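Data block below; observations after.
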Amino acid sequence: MKYLSEWDQWKRYSSKSWKRFIGKAREMTTHLELWRDDIRSIEGKFGTGIQSYFSFLRFLVLLNLVIFLIIFMLVLLPVLLTKYNITNSTFVLIPSKDTDVQCTVYPISSSGLIYFYSYIIDLLSGTGFLEETCLFYGHYTIDGVKFQNFTYDLPLAYLLSTIAYLALSLLWIVKRSVEGFKINLIRSEEHFQSYCNKIFAGWDFCITNRSMADLKHSSLRYELRADLEEERIRQKIAERTSEETIRIYSLRLFLNCIVLAVLAACFYAIYRATIFSQEHMKKEIDKMVFGENLLILYLPSIVITLANFITPMIFAKIIHYEDYSPGFEIRLTILRCVFMRLATICVLVFTLGSKITSCDNYSCELCGYNQKLYPCWETQVGQEMYKLMIFDLIIILAVTLFVDFPRKLLVTYCSSWKLVQCWGQQEFAIPDNVLGIVYGQTICWIGAFFSPLLPAIATLKLIIIFYVKEISLLYTCRPSPRQFRASNSNFFFLLVLLIGLCLAIIPLTISMARVPSSKACGPFTNFNTTWEVVPKTVSTFPSSLQSLVHGVTSEAFAVPFFMIICLIMFYFIALAGAHKRVVVQLREQLSLESRDKRYLIQKLTEAQRDMKNRLDWQ
């Protein structure tokens, strides 16, 4: 028996105590999870597929809360501490030297007699009294905050907060998606393995409700039927003649042209609606009636919502004529809907960008942007994102209250009507609901730079959506017969969310690096673009550190670094290929061993039969 010294004994005891403490802490934190009991109840009644949607919703609530805390700590807190004299600090305002006076004009909303409904319009559109609050970019027209021992660089902090929440979102999403990707990769390796998983491991043991158990039975039957249908289509594809192949590919090409035409029509409608709204929203409120003014303000949001509502139905009809397998039909339809929903936001942002940078007068050429129509263009972009966020919430509440609940009442009390029988009860379609909240999250990512408090609004919105969707699921909806596994769902949700994040980064990068910043408002009035604050900050570093930064960002460093990254990537690709070949060999070996065992069992059975026959003869 090996003797342990007192030091080794103490290390082992400390390690065990630390592991025990970590285990207890994790057990305690599980009781502090947001909506833990609600999500477990949903999981028990409706299975892990729908539970994964609500878990995903909880993840977005936490993500937006962390994003808000980052912006609050870096941007809002120093401003509030100085504004309300909580600390001994003052604002630093540096006068613009090379900026023309025309570019610094920012007309303030006129005071005086204000109609009551104008407050409602301001609340819904972010104009009026809300425009001058800390909700929008224009409120932070500050160059710094001077404390006793240092000066806080607010423009740099504002830019760093944007980079920080985008980087945090990317890392968090990638971290959560890795596990789901591994499971999906394993499950997609072999069709025979898919059959085995469905038959021997397809049951969801979290289900305790009888109706949900029946639904799970039908779901497994549907999945097996779908797999058999895919096998039939594969066999059909293998048996196609050249004429049939040319015909089906020609039909798909024609139908994809129709899809592109539908997308182009939607994008053009959004473009025209945005142009019309921006050209007419400058009228005075007293020259319009209440409904007209609200319609003008919300016209782009209305057109985007209609496009998101109509196009999925068109895509679902078109996909039936393209002769794809059932699984690929679902994935392609979802991919088209994802592109449609997220691209509409980018079309809106780029349309606004084209209007902001279009110069048709002297002041526009002088300032670098259309200062006459957009004296503080960042605030007005933030207002558009704010309107999209509010209108999306209004639509979700309206559909639940005025469509789902009446539909449930009709199905319950008027089930004998043929029209009601054809309409049926509302299904809780997981992909559609996921696309809705990813759409809202993409708006939040884009708008957080222009409206720093938008993540807080998104957090409250997602909390409301959680309870609304939970009530709708329990009382008005039935689960979709096409159920999702939790692992497949989580990976799919995060993949769509990652696409939304990538699309959000594109307009943000262009607006920060290419579009001139407003000279009349915001923390970047003394910079041509938002990104110029970075080289200015680097110029204040010591000469040795400046040389290091310039060396790291130079082409002499970037080219070798890129080559090394490519070599590492090729190494891991080759390693993955080698591992895959080993896995194939091991599978073949297992198959051979099973054949050998089957052969031996067959020979043993024949030997026993011969022995029995000999004994019978004797």
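Cβ atoms here come from the backbone N, Cα and C positions, even for glycine.
According to TrEMBL, the protein carries these features:
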type	residues	note
DOMAIN	376-487	domain 'TMC'
TRANSMEM	56-81	transmembrane segment
TRANSMEM	156-174	transmembrane segment
TRANSMEM	253-274	transmembrane segment
TRANSMEM	295-321	transmembrane segment
TRANSMEM	385-403	transmembrane segment
TRANSMEM	445-468	transmembrane segment
TRANSMEM	489-510	transmembrane segment
TRANSMEM	557-578	transmembrane segment
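Only residues 6 or more beyond the boundaries of the transmembrane segment (253-274), in the same chain, are considered here, and those with a CB under 8 A from a CB of the stretch are 299-300, 302-304, 307, 311, 314-315, 318, 321-322, 336, 339-340, 343-344, 347-348, 351-352, 355. Sequence-remote contacts of a segment are chain residues at least 6 beyond its ends whose Cβ falls under 8 Å from one of its Cβ atoms, and for the transmembrane segment (295-321) they are 121, 124-125, 127, 251, 255, 258-259, 262-263, 266, 269-270, 273-274, 276-277, 280-281, 283, 288, 329, 332-333, 336-337, 340-341, 344-345, 348, 384, 387-388, 391-392, 395, 432, 439. Taken together, the residues in the domain 'TMC' (376-487) have a mean pLDDT of 83 on the 0 to 100 scale.
Under DSSP, the residues of the domain 'TMC' (376-487) split into helix, strand and coil as follows: 88 helix, 6 strand, 18 coil. Counting only same-chain residues 6+ beyond the ends of the transmembrane segment (557-578), those with a CB under 8 A from a CB of the stretch are 551.
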